[in-house]
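If you scroll down you'll find the structure; I have some questions about it.
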Amino acid sequence: MKCKPNQTRTYDPEGFKKRAACLCFRSEREDEVLLVSSSRYPDRWIVPGGGMEPEEEPGGAAVREVFEEAGVKGKLGRLLGNFEQNQDRKHRTYVYVLTVTEILEDWEDSVSIGRKREWFKVEDAIKVLQCHKPVHAEYLQKLKLGGSPTNGNSVAPSPPEGDP
């Protein structure tokens, strides 16, 4: 289990733990996504992400978490949405799209806890995540449905000025 000595959990006014994550893609085609092994269950794959630090912006937290957990750097793209998990834990996760530009050979979690990473086709990643991390599978399903930077909500276009 991953435990950081100086980590402070942050919560929003509704009591949800504030988290940030990235769907890390090999290219802008967004057809291959990088998953990492779970710190609790090393034989299971997850989307890299974690808790936000106090005063940290969601995009900055997402980039930091991906660097720590997956050992990659990249170009932060759009916000895919804000996803809630209510079953076992109250989490609210900002999920971004990131195009990987640099892959480190050794990184923090590979050295400290033996974390692994692997590229998956999006369809295969959904299947792998579906059984034990369904909320992570939802991120990719939303992406496939044309997820846009509207914070997870559909937004109807505004009528032109003067229209009733």
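Glycine too: its Cβ is placed from the backbone N, Cα and C atoms.
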Just to be sure I read the record right: Arg9, Lys17, Lys18, Arg19, Ser38, Ser39, Arg40, Arg89, Lys90, His91, Arg115 are listed as binding substrate in Swiss-Prot. Which of Lys133, Lys142, Lys144 is listed for the same site?
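Candidate listed by Swiss-Prot for the same site: Lys133.
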Quick check on the recorded positions Glu65, Glu68: which one has the highest count of other Cβ atoms within 10 Å of its Cβ?
Glu65
